[in-house]
Every structure is written in C-alpha cells, then in structure tokens.
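J.: Encoded as structure tokens, here's the structure I'll be asking about.
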Number of protein chains: 2
Amino acid sequence: MRFISGDKKAILEQLHSATSADTQVETEASVKAIIEDVKANGDAALFRLTEQFDGVRLTDFRVAQSLLDNALDHVEADFIKALEQAKVNILSYHQKQKQSGFVDTEKHGVMRGQLVRPLETAGIYVPGGTAAYPSSVLMNILPAKIAGVPRVIMVTPPGKDGLNPYILAAAKIAGADEVYQIGGAQAIAALAFGTESIPKVDKIVGPGNIFVALAKREVFGIVDIDMIAGPSEVVVVADATANPRFVAADLLSQAEHDTLARAILITTSAAFGQAVASEVEKQLQTLPREKIARASIANFGQVIVAESVEIAFDIMNEIAPEHLEIQLENPMDYLSYVKNAGSVFLGAYASEPLGDYFAGPNHVLPTSGTARFFSPLGVADFCKRTSFISYTKDALAKEKDAIVLLAEKEGLTAHARAIEIRFEEDDEDENS
Amino acid sequence: MRFISGDKKAILEQLHSATSADTQVETEASVKAIIEDVKANGDAALFRLTEQFDGVRLTDFRVAQSLLDNALDHVEADFIKALEQAKVNILSYHQKQKQSGFVDTEKHGVMRGQLVRPLETAGIYVPGGTAAYPSSVLMNILPAKIAGVPRVIMVTPPGKDGLNPYILAAAKIAGADEVYQIGGAQAIAALAFGTESIPKVDKIVGPGNIFVALAKREVFGIVDIDMIAGPSEVVVVADATANPRFVAADLLSQAEHDTLARAILITTSAAFGQAVASEVEKQLQTLPREKIARASIANFGQVIVAESVEIAFDIMNEIAPEHLEIQLENPMDYLSYVKNAGSVFLGAYASEPLGDYFAGPNHVLPTSGTARFFSPLGVADFCKRTSFISYTKDALAKEKDAIVLLAEKEGLTAHARAIEIRFEEDDEDENS
C-alpha cells in the first residue's frame, strides 16, 4: 500500500495526481457502431452480435416463463433462504423511500400539486460470466417493484451452458416480469430503441463492463439511465481504537472486486496504518482472488495519515467514496462530517459486505467521486413527477397583470395574449 | 394545422411518422473540441472562445458583486414587484418538495437510515440575447436555494452592450451567489472542469441552444446535469365545451417560442378542431412573433380528432408532452388518466403561460417525449442521498451465516472473510 502523509494540502495534491486517466476512445466508436446496428436492424443485429460476442447462437431471446417460474427448483434451499432474508431487509429499507405527491390549496381558487408515479417499464442489466451477482438482481429490481413499475424487464448475457441458475433464482425472488438472454452494448441498444422481440423501456439500470457503461451513456436522453459507473472504492476512516484485522479484511473485500478497485485507509495514527498494511499483506496470501486483490492494493491501495480527524474527513469528502467506513471510537459523532459518500458504515461491525448483501440500503452506489452529486439507487429512480395546477377565473384575475407584464418583458406577446383573452369576453359582454 | 383522425392505431402511426430526425453530428464534433480546449487551456481558451463566439473581448468573467447587489436599481419597479410575486409562489410550491432523511431502528442493534443533503455547488446556465428569460433565472435558482446549496453560480453569455439588466435583476431576486459572463459550450466545460476563474460545480442546470445541450450531455458523469432539453411542446385535450379562442391562444403561446415548437390539440369534436384552427389563423395575424409562430404551426401544429376521451388520453400519453392542458367539462376527473406529462393545466383558466411565469410549479420540464421518465426541475435535483448503517456485534451475528453464504456463492471470499474475522477473536478467546 502506498503511504501518503503531510498536511492537508500536500495530501490532496498527491491524491489528485494518483487519479487514473481512462482510455475510452476506441471502445466508444465500437459501442456507437453496435447501437446504430441494433437501431437499424433490430433482432437480426442482436442475433448476429450475440453470436459474435457471447459465442452463442440463439433462436429466441426470451427466457421461457416456465423456466423463470421454476427457477427455485435448481438452487440450494439455504441459498434461497439467505436471498429471501436479504429481500426482507432490502424491502423494509426501501419502503421508507417511497414518496407521495402533494396537493396545496392554500390560496382561494388555486390548486397546485405534484403527482409521483412509477415508470411504466424498467430495464435491468445483469452482468453474466464470472461477475454474476445474484445480490445485484435484488438490489436493482426490488426498488423498481416498490415504486410500482408494472413491467420490469431483466436482461443478462447468455452463457454457453445456459443461464446462471443463481441469477435466474434471484430474478424470480425479486419479481422480474420478463427475462431476456442478451448482453453488452447490444442489450442496452435493444432496451433503448426496442426491437421485434425486446421491449423499449423508460429507464435502464444496472452495472456492466465498459461496453455497457458507454452504451448507457450514449442512449441517455432516449431513455433514462441510473448513473455512469466506474471502478468501486472504499475509504475507511479509522483511529488507533479500531481493529487492524477488521480494517484490513474490509479493504481487501473491496480490492478483490477488480484490479481497478480502490481501497483507502485514512487514519490519524501512522502506527495503526502500518498495522493495517501488515495485516493486508498477511490476509492477501490466504485469498482465492489474491491476484486481483494484490493488483488493486499495489496500484490503488493507500494509507493516508492525516493530522486530525477533521482533516481526515476533509480528505474523505474530497475523494467522495462509494463506500465509507467510520471506525472511530464514537462513530456516530462523525456522521455530520460526511458530505460526499454513497453509503456510510458506522462502527466496528458494520463491515462493507454487510451492506453489499444484507442490511437493506442499496449496494448500487455512485463511484469514482460522483457521490458529490449522484445518489444510491433507490425508489425515486423508478418514479417520475408531474406537476399540476388549476385556477379559477377570480384567482387568475388577481395575478393576471403581473403575468402579462413579465411575458411582455420577455417579448412573448402570445403568452400575454393567452392570459388577456380570458378576460376579454367580459368586456365584450359589458359593452353589448 | 395538420388534421389527423381515424382510430387510435392510425393516429399513432401518423404521429410517429411526423417525428423529426435531428442532425447533431457536425455540432457534436465542434462541441467536443471546445470542451477539450477549455479543459486543457482554462481561462486562456475561455477568453479566446468568448471573443470568437460572442464577439466580446473580456478581461474578467466575474460580474462585480456591486453590480449584482445594485441590479434592482436598473429596472422598473413594476417588473421587480411582478418578479417578487412570482418568487413567493415558486418558493411556496417548491418548499413542499423538500425531503428529509430517515432513521430506522426497528430491529435490535440495527440502525439504518438515509441522509438528504444539498449539493455544494450548482451551476445555472442562463441563455442570453433575444432568448433572455428572467423567469427562467427564478425557476432554476430558487429550487437550488430551497435545497440549501450554499454556492449557486450563474453563467450567462456576455452581450455587446453589457449584461441584460432584467437577467441580472432576476439573479439578485433569486439569490445567485456569483455571476459570470460566459456562454455556450465553453461555459458548460468551464463549470464541469473548473478554470482559473470559474469554479467547478457539482451539477449544471438550465436551458440553452444546441451547443449548450450537447455540451451538457458530453460532461454528464463528470458533473450531474438536469436533463437533455429539446424543443418545447403543448398538448391540449379539449372537448366541445372548451372555448376555441382560449385554446388557440394557448397553442400560439407555445408556437411563438421556436419554429420547432409543437402545438397539438386532441379533441373529440371535429367541429371544435375546425373552430380552433380558424382561431389560430385569425390570432396569428396579430402577433409580433407571427413568423416564428406561423412556421411552428405549419410544420408541427396538429389537430387530432380522437374517437373518445379515453383514446385522446392514450394518444397524449404516447406523446408524453412537456405541457398538458385539460380543457374538458370536468377536468379534475381526468388527472388520473395522465401517465406521461411534465406539467398539467386543468380547466379553462389554467393557461400555460400562468405556469411559465407565476403559479409556482417549475417551468423547466421534460421535453420531446422524455416526460416518460424525466421530471420537472425541483428541489430533489439539488440534493443527494447517502445511506448509512450501524450494527452491533449481536445483530451481525444473527445475519452472518446468510451473508457468508451469499458472498461465497458469488465467489467473493474476501467478502465472506470480512464478516467471519469479526467473530474469530471470540473463538480464540474461548480457546485460550
């Protein structure tokens, strides 16, 4: 792990210089070509691209309803039980995010309000292959279901040996309405534009590789998307009261995701930082995914020694991490210090994997510093708002002159006329 | 106006064929070049591009605080009064959108919750020139202020004769913290990346021309943006009880915005449709912006005759208009028929310009059918959510086996280890 210390300014400068540049240009061009292909050729393009990229020749993308209905028959009972338990926690947390609209009738003759309604269709992308995560199926589908989306469509790349049974079981438990075997940029294009067999959706969510991420960005505006996801990261803010073994294990749970994952410890104690670094090395040697985790730790692992807890939080807020663990003596005292973070884990036992699988808050979180402005996936992502107003003639009469004046200042005479014309009949009546 | 009638299927087919294709490719390349220029060269690029595009040579982008503070001295008192009245309505409506976080302590030893916090900086783009709308300044800045954004930065293109005094007065009334004279794609790039003199922001909102719209799309992910705005549209659903003069005036208030604006009447009465079309022609002749409005009506004006009110709403939902007026005998009965619309105006006196300037709901609305998934600009756009959890050891113990099982099914051993390690010390203690 790379050690960084010094005053706040020096640490921030080193942090910024460590941020990696991305090389997306070539991929961008092929993603655009795939999208145009699917838009122009529909299913024919999808069959061809699926054979090309997934090495599978399909005759139908739709997973038979009977396969989905019987998905639980093909996985272990303890897995189903664990996933059902997770579902209970995810549902009870996300229920609290539900918003209702409002009506305001404070002024005579005026009604103003806001409707909150579910999207009509949502497309959930679920990665395949070695990165197949049943937990992500729950985290993406359940908020859509709570929002009330009537048609939740899951897509996932076809495997050479058929679909991953755990993914299909999770889709069943989460309540996916339809499942299609299709992946990559071509899946995103199909959901955005629709094809003969894939329905066009209102919003596409879910993680994916660089092709998927760039395709989502490309179709943004034609449909909505959740967020632009980058490599995952964790920041642990810890003092010498924390357990270095716990902290090291949590850093490694991040590092095993991806060689680009970032695991960062910010501590006020250099000695504690050393202890964690030793533990990281020790625990690394026992991990099946040692190679990935070791590369992540070597390239992006950092121990930052801050001069005070306040500075530690300033640095953390600058990083704006996806996951933040606060392993300080009185963790709750520091929640108010958090400005930018996707999800916060407070205290020694709120280990990050608890949030990944079980506690209930969503594990789809803003990455790469976007917690400055993006939020965890939630029920609001599957809703849209509509405002409404109703005015009586008397209520409009009271505000008419101001509206006409503002419209005329903006040079929009037809706007002014639309208000005035509603009072002209009276004048005519009076004159008749 | 173009008349469309027939059964629902025939109408929808004709509607879809009328949708215009856009030609963005060339503009996209120059927008990318501008963004790269500003990212690489900062203020130097901004000064150069401002001279090139706005024809103004500046030495400083920042509008002096004294100019902003004294902005009300340079506009008429009745304008200030009208804008202040509008502000009261906008504030009282948007206050109702404020969300608070929550804490859930339903399970022993478990705390789960959600924080809702304002963004730290917001960038508000305000167009200049003939399309300078003080009302838009209020509609964009006030929700950010209600959200609690401490630093609201407004940018607007420099004019050859200095800044538009009405725009500056609106900025003062709305409470802009800083104002910079800078426009176009270069302004968006400056706000996204920051330059020597322009601060980097968390989110960019506000309308603009095609350069601004494409630049916002391009920087999405580096910062957040509000939405991808296209030409404006109104759908009026009316029956024979409506006043054709009112309806025509409302259609024209939309048409005068832009030659690409769409004004659509959906009615159950062909005779009423004819009456509105005649009124549109009659009123057109009296408008100062006749040329723009006439082009919009000729190209995109439509009278759709539907076989029933239900079908009228089905067609409306398919269009998903920015503005929807319901001028039916009992308008309130039909709010439940609205699935996709930005803002709904109910009854004969809720004319669209009332919403543009005054009633309180935001006039920044999803356009071009994006009301299927985008929402009016609101307080939520200037907030971010953060989830948090805290577990005691006992609480974690109850869920530990399920978490470990799920992590292992996903092949993420370090995730499982991070949970298990927290219980190993006990075993060691017991064995010692």
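Even glycines carry a Cβ here, placed using N, Cα and C.
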J.: Say TrEMBL lists A:Ser232, A:Gln254, A:His257, A:His323, A:Glu410, A:His415 as binding substrate: which of A:Asp161, A:Asp177, A:Asp202, A:Asp356 is in the same site, per that record?
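T.: For substrate, TrEMBL names A:Ser232, A:Gln254, A:His257, A:His323, A:Glu410, A:His415; of A:Asp161, A:Asp177, A:Asp202, A:Asp356, the listed one is A:Asp356.
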J.: For the recorded positions listed here (A:Glu322, A:Asp356, A:Glu410), which one has the lowest count of neighbouring CB atoms within 10 Å of its own CB?
T.: A:Glu410
J.: Counting every protein chain present, what is the number of Cβ atoms, excluding its own, within 10 Å of the Cβ of A:Gln254 (substrate binding site)?
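T.: By my count, 33.
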J.: Could you check what DSSP calls A:His257 (substrate binding site) once collapsed to helix, strand or coil?
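T.: Note: A:His257 (substrate binding site) is coil by DSSP, not helix or strand.
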J.: Determine the minimum-neighbour residue: among A:His257, A:His323, A:His415, listed as recorded positions, which Cβ has the fewest other Cβ atoms within 10 angstroms?
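T.: Per-residue Cβ counts within 10 Å for the recorded positions A:His257, A:His323, A:His415 bottom out at A:His257.
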J.: Here are some binding-site residues: A:Gln186, A:Asn209, A:Ser232. Which one has the most Cβ atoms within 10 Å of its Cβ?
T.: A:Gln186
J.: Validating a neighbour-count step here. Other CB atoms within 10 A of the CB of A:Tyr125 (NAD(+) binding site): how many?
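T.: Result for A:Tyr125 (NAD(+) binding site): 28 neighbouring Cβ atoms inside 10 Å.
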J.: Sequence order is fine: just name those binding-site residues in A:Ser232, A:Asp356, A:Glu410 with a Cα within 10 angstroms of A:Glu322 (active site, proton acceptor).
T.: A:Ser232
J.: Express the distance between the Cα positions of A:Gln186 (NAD(+) binding site) and A:His415 (substrate binding site) as a whole number of Å.
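T.: Each residue's Cα considered, A:Gln186 (NAD(+) binding site) and A:His415 (substrate binding site) end up 45 Å apart.
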